[in-house]
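Trainee: Below are the features listed in TrEMBL for this protein:
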TRANSMEM  B:43-65  transmembrane segment
TRANSMEM  B:77-99  transmembrane segment
TRANSMEM  B:105-129  transmembrane segment
TRANSMEM  B:149-168  transmembrane segment
TRANSMEM  B:222-241  transmembrane segment
TRANSMEM  B:311-334  transmembrane segment
TRANSMEM  B:354-373  transmembrane segment
TRANSMEM  B:394-415  transmembrane segment
TRANSMEM  B:430-447  transmembrane segment
Amino acid sequence: MCLAQFQSSSGERSPNDMPANIKELFGTWFIGVVVGTVIIAVTSPLFLRSYAPLTVDSVRQVYTLSQTPRYRWRSEGYADSVIGPLGMPGRSDLPATKTDTLRVALWGDSQTEGVAVSDADKIYAQCERQSVERFTGDEFKQMVVLPFARSGEDAHDWVPQMSRIDEHLTVDVHVFFIAELVDLAAANQSRSNVQANNTKFAYSNYAPAFVIQAARNLFTTGDGAQPRRLRFSLGPTQTVSAPPPRKELTHDQITKVDWQTSIHAITGGTTKPVVIVYGPVVPSIVSGTVVAIDEHANEFERIKQAAFSNGVVVVDVRDDLLDAAGRGNWPHGFHNGQFGSGHLNKIGNEIVARGILRGVKQVMRRTDQGSN
Amino acid sequence: MLFTQLEFPIFFAIILIAAWLSRGRTLRNTLLLVASYYFYAHWDYRFCVLLMLSTAVDFVVAKQIHRSENEVFRRRMLLISLVINLGMLGYFKYCDFFIASARPLLQACGLSGETLGIILPVGISFFTFQTLSYTIDVYRRKLAPTNSLLDFALFVAFFPQLVAGPIVRARELLPQLAAVPKFSRRRMYGGAQQMLRGAAKKILIADRLGEMVDVVFAGPELYSGLTIWIAVIAYAGQIYYDFAGYSDIAIGAAKMLGYRFPANFRHPYLATSMGDFWHRWHMTLSRWLRDYVYVSLGGNRNGHWQTYRNLLLTMTLGGLWHGAAWTFLLWGLWHGISLAIEKAGATTKRMPRLLGWVMTMFIVLVGWILFRCAGDLPQATAMIQQMATFSKGIAWYPPLAIGAIAVMVLEHLAWRTPLRKAMRLPSDRWYSPIATTILLWALVIYAPQQFSPFVYFQF
């Protein structure tokens, strides 16, 4: 039998002698550390996301990403986004108001924000492109979409912003893309105002992303929000489950939401028509199994009823998402993430954009009928 | 405490300084023993009793064996050690497996057949093998027992190798523990570099590969044949870099403390035959199996058929050592059959090296599928079918996993070139500080925010 023979210390060669001169040693290592760090600093944008400061936008009165020509996203998807005025991801400028365009404000969370895909593939850009490609010569105008969606936001954040946007900008329709119904449930909650001229994460103005990432890994745990605690006590340790993320409501809690009030709070925040596009993460792959059923399907039916009675157009893109996955084009996930999980990719954005166009079309038809 | 957890460098730095400051062997070894028990108790203090029991039994038994000339008595003593050590291993590791496997029979006899939910003490497979080797060596009169309980207890519990090897033999470590090691800047630097390399293997390569492996092996039927091929190669890389990374950290830590451990890996995926593979893979386990199982069974002394039988038995037991599941047993049997066929002459030895390498890698990869699908044989066979037919499904090509596979290939190829020396980052080369800095930054940037255990901890 050919089993291993003992080899002393892996046949390893010990490194050569250390430089005898201590000054030379420190000199060599000092230069090495500087050069090594410079190499990391220069190459890190290829593999590390940006950390950008959040500033309070004077119009929206919420924290938004500061304007930058290049906001990198690397871990799930790989894209560089422009962050334009009013914290709009993907738009470098605020288009001037024209009579022959239809201006849509797009609200949502990170699914709608879409920093994981390039600007040309973001939902807002696909809406504008599709409005030209699909509706030319139709009764509809070319759409200009203002992407106001921001990671972590929900109706609780959108409602007050809508009225401010209505005050300062021309918007014809407000569109909400909802991936999690709980985002709508927060519409009627009270909120505290942010301090103007405040900046969050200002350190990202000064510290490079690789330093921030390293510090986050060293000093925080989980999603980067919990400070890391070292444990030197003896085991066994009791496994303490982390507190649920802010958005997570239990199934029971969701069934108790008063959707009428929530939808009413949304429509109360604007005088413009509202469209809700619903596209949860379906199908998803959970522990190796495809889950094609939306666990909140019943709640969505209740929302549809509430929306109908409040004059809100609701578009359901679940079937389109399922069809796409059925054809092998998974709408969620990326090669550097996991298909059937996480954020919308280019295909998913295209489906949602089609849904938005359907919704806007319905709204405009209604408006036309009303004016006739 | 994991080597890649932030607590470990702090713990290790304190112990390293204290060890080199402590005067005299007794003080030094006491300090290291206390540190080793703390290291183990950090996971679960209750199981320190097992360490103590194993230490006490083999210390006493070995002395008795050595003193006696009565062969029957010596055998009885050896049997006591075997029964206690293997009994402990059997209870904690295999009890639930046997109950689950025999459930229909137990239920037919009117018993519930419910498993006991026994917690597997970390490192039990390693430290029991280590103490057994000591007693067997004393029994075979290859080793004189130590008179120092302190040294022996430290040999059993020494923290760098306690939970996942390398399986160090008493005759390698005990003589080193019997003296105070001499401080050497060269060894300190070499040890630190080896620890750094080990951490890089685990965090930068194995964990990246593991992200893909976990997803695909959770539902392989969803993915295309090509994606499964990549995932299986990724698993081969993950398990190698995970365990080799752990071994490097263990060997490096011991080196910094002044002790020398045997190597555990020698680029196994360069093997051109199965025999060659086992010369390169988990070398301290394979030599243990060779010396204490294969040789004890008769080795190749009693003709061809006995040799084949012994190979099959040794490798099957080796498979079962890895885990309590039928697929581990099958994995061992698969390797045993391959080795037996190779031994029989219809082998890769007479083949061109490239063909030998392809065949060896094929056998190894199929083996890894059995290994990873622990307990799920239908899944393993379905995966092999999908790979053979390049079935349709989700075509998922994660760039980080593919990049890590590329690194694995390049690293294996470079090992046969002069780059091999450069990769050890010798202290007198200009590029070593630069490469060390880059590695340290990369480790901190990719440090796991979540608990990311070593694969071999479960064994």
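Cβ from N, Cα, C; glycine included.
Curation plays no part in TrEMBL annotations; they are all automatic predictions.
Show me how these features fit into the structure around them.
Mentor: Long-range Cβ contacts of the transmembrane segment (B:43-65) within its own chain (Cβ-Cβ under 8 Å, at least 6 residues beyond either end) map to 1, 37, 73-74, 77-78, 80-81, 84-85, 88, 92, 119, 121-122, 124, 127-128, 131-132, 134-135, 138-139, 145-146, 149, 152-153, 156-157, 163.
Among residues of the same chain six or more beyond the transmembrane segment (B:105-129), those with a C-beta under 8 A of the stretch's C-beta atoms are 40, 43-44, 47, 50-51, 54, 85-86, 88-89, 91-93, 95-96, 99, 156-157, 161-165, 167, 285, 288, 321, 457-459.
Same-chain residues lying 6 or more positions outside the transmembrane segment (B:149-168) and placing a CB less than 8 Å from one of its CB atoms are 26, 29-30, 32-33, 35-37, 39-40, 43, 51, 54-55, 58-59, 122-123, 126-127, 129-131, 133-134, 174, 177-178, 243, 246-247, 249-251, 253-254, 257, 259, 261-264, 282-285, 288, 454, 456-457, 459.
With a threshold of 8 Å between CB atoms, the same-chain residues lying at least 6 positions outside the transmembrane segment (B:430-447) that come near it are 4, 6, 193, 196-197, 199-200, 203-204, 207-208, 422.
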Trainee: Going through B:222-241, B:311-334, B:394-415 one by one, which has the most CB pairs that fall under 8 Å from the transmembrane segment (B:77-99)?
Mentor: B:311-334
